[in-house]
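Here the structure comes first, spelled out in structure tokens, and everything after it is commentary.
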2 protein chains.
Amino acid sequence: MKRSVFYISDRTGITAEMLGQALLPQFDGFEFEEATLPYIDNEEAAREAVNRINAAAVADGTPPLVFDTMVRAELRAIIRESNSIVMDMFQMFVPHLEEALGAQCQYRVGKAHSMDNLGQYESRIDAVNFALNNDDGAITKYYEQAELILVGVSRSGKTPTSLYLAMQFGIRVANYPITEEDLESPSLPKPLRPFRDKLFGLTINPDRLQQIRSERRANSRYASLEQCRMEVKEVEGIYQRENIRYLDTTSRSVEEIATKILAAVGIKRHH
Amino acid sequence: MKRSVFYISDRTGITAEMLGQALLPQFDGFEFEEATLPYIDNEEAAREAVNRINAAAVADGTPPLVFDTMVRAELRAIIRESNSIVMDMFQMFVPHLEEALGAQCQYRVGKAHSMDNLGQYESRIDAVNFALNNDDGAITKYYEQAELILVGVSRSGKTPTSLYLAMQFGIRVANYPITEEDLESPSLPKPLRPFRDKLFGLTINPDRLQQIRSERRANSRYASLEQCRMEVKEVEGIYQRENIRYLDTTSRSVEEIATKILAAVGIKRHH
């Protein structure tokens, strides 16, 4: 059954989307048609949103769901006039929070995903630049500055994980690919040896690795199952001999890989 | 006043963090000390979490706030035994959603940030790889495949924005730096001409640009205020003459820049 879902926000809409995407997959038998209406920060925009919601209600023959994170009560009141079922984040949580804190909610627009905390924001962008500049082992001279160095065979998930850790949590992550040449020696590649404590290994199922590599270079030795099996076996051998913590990335999302690594190594997320 | 805050989840904890970070900055006068406890997916882990919460309650002399997105009711019940004030996402929203949908919540673990929708997940990772491979104008031959091409002077925010659009929304974004050489000609750089409809310009306050460039190459001509002023003026001239939509990135976070661009060009977020 089709149900329209609207994410409405006076800013980016990212928090509203997160909420809906955490809750809606728990309900079976629906085809949720999602639309995000960001930057709804004045009455006219709110009334236009109401028109869109009401049009969807007519088209669907049933009221849409609305996840609303707008700060201003008068705009939320306009949205509630629509033919919809509104999940209002502030209305749900604020009474509870005000009681717990013994303080009033300030209802200021633009606190989520803003640059309010400039130092913290800049450290996230710095971390993204660090990840890009220290990607794929081309440069190893800044490993001293890294909080974490991801290692693993080619296409085991190092780059997306590094970027996610930087963007979401502001963590400075380098990554180093363990190549066939590195695997010829039984010990750690030389550039990594001084930084043993910062290393975290990624591994992956060889069949999945073959599939990923084949998309890049079909029918190459690089993408052959035999090569993938050999590299994965050897790299896991290094992790075990050298006591490097590691994680299998097969069927894990980048969010899961990133948060599992932080939990394993005990690095605090930089909020 | 110090208040401890715990984000508790059976998975990544990202949704719980988002909620807290949207709500807590609305309360003044507190110093929130945040900790995320992810992957709390069994009784023992839940009891350990309770011990940590209770220890913080004793240390703070007041009950911590807990944002809880755990799916299993028996684990949430354990957390509620702690000396804390619990904001329970499922408890808050599910009754409302069940009534609206006329369906039961399935309470399945691991729906948020999972690889459940493999095609969608892979397209996000593909988009990240596309952004990396088509960063900074080095390669321009895949612009046909881009949904969006960000342009702007060096250090105006193109790369982090491209990566965020890819990682969060699965959008394929290339970016092209408008160099001094490009600015010598009054028209669009040649590689961009066939893709006018996909272009979106970034601009930035020259003083801020000078500051950012100085961190990279202090006292260079590249980082001089005069040069920054000239480049920004020229590039804005191109945007206006060529009818390219553009946005000032100064004092906007990457989330804000990304969502403003999508709203302006009408590209749908790929959920």
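Residue numbering: from 1, along the chain as shown.
Positions of Cβ are set from backbone N, Cα and C atoms, glycine also.
Residues or ranges marked as ADP binding site by TrEMBL: A:Gly152, A:Val153, A:Ser154, A:Arg155, A:Ser156, A:Gly157, A:Lys158, A:Thr159.
Counting only residues at least six positions away in the same chain, the Cβ atoms of A:Pro177, A:Ile178, A:Thr179, A:Thr203, A:Ile204, A:Leu209, A:Glu231, A:Val232, A:Val235 sit under 8 Å from the Cβ of A:Val153 (ADP binding site). By a Cβ separation below 8 angstroms, chain B lies close to these of the binding-site residues A:Gly152, A:Val153, A:Ser154, A:Arg155, A:Lys158, A:Thr159: A:Thr159. Cβ neighbours of A:Lys158 (ADP binding site) (same chain, under 8 Å, six or more residues apart in sequence): A:Asp136, A:Leu150, A:Val151, A:Gly152, A:Asn175, A:Tyr176, A:Pro177, A:Leu202. Under the three-state DSSP scheme, A:Arg155 (ADP binding site) falls in the coil class. The 10 Å shell around the Cβ of A:Arg155 (ADP binding site) contains 22 further Cβ atoms across the protein chains shown.
Annotated ADP site A:Gly152, A:Val153, A:Ser154, A:Arg155, A:Ser156, A:Gly157, A:Lys158, A:Thr159; additional same-chain residues within 8 Å of its Cβ mean position, judged by their own Cβ, are A:Asn175, A:Pro177, A:Leu202, A:Ile204, A:Thr249. In this structure, A:Ser154 is the one among the binding-site residues A:Ser154, A:Ser156, A:Thr159 with the smallest number of other Cβ atoms inside 10 Å of its Cβ. Here the Cβ of A:Gly157 (ADP binding site) has 24 other Cβ atoms within 10 Å, regardless of which shown protein chain they belong to. A:Gly152 (ADP binding site) counts 25 other C-beta atoms within 10 Å of its own C-beta, drawing on all protein chains shown.
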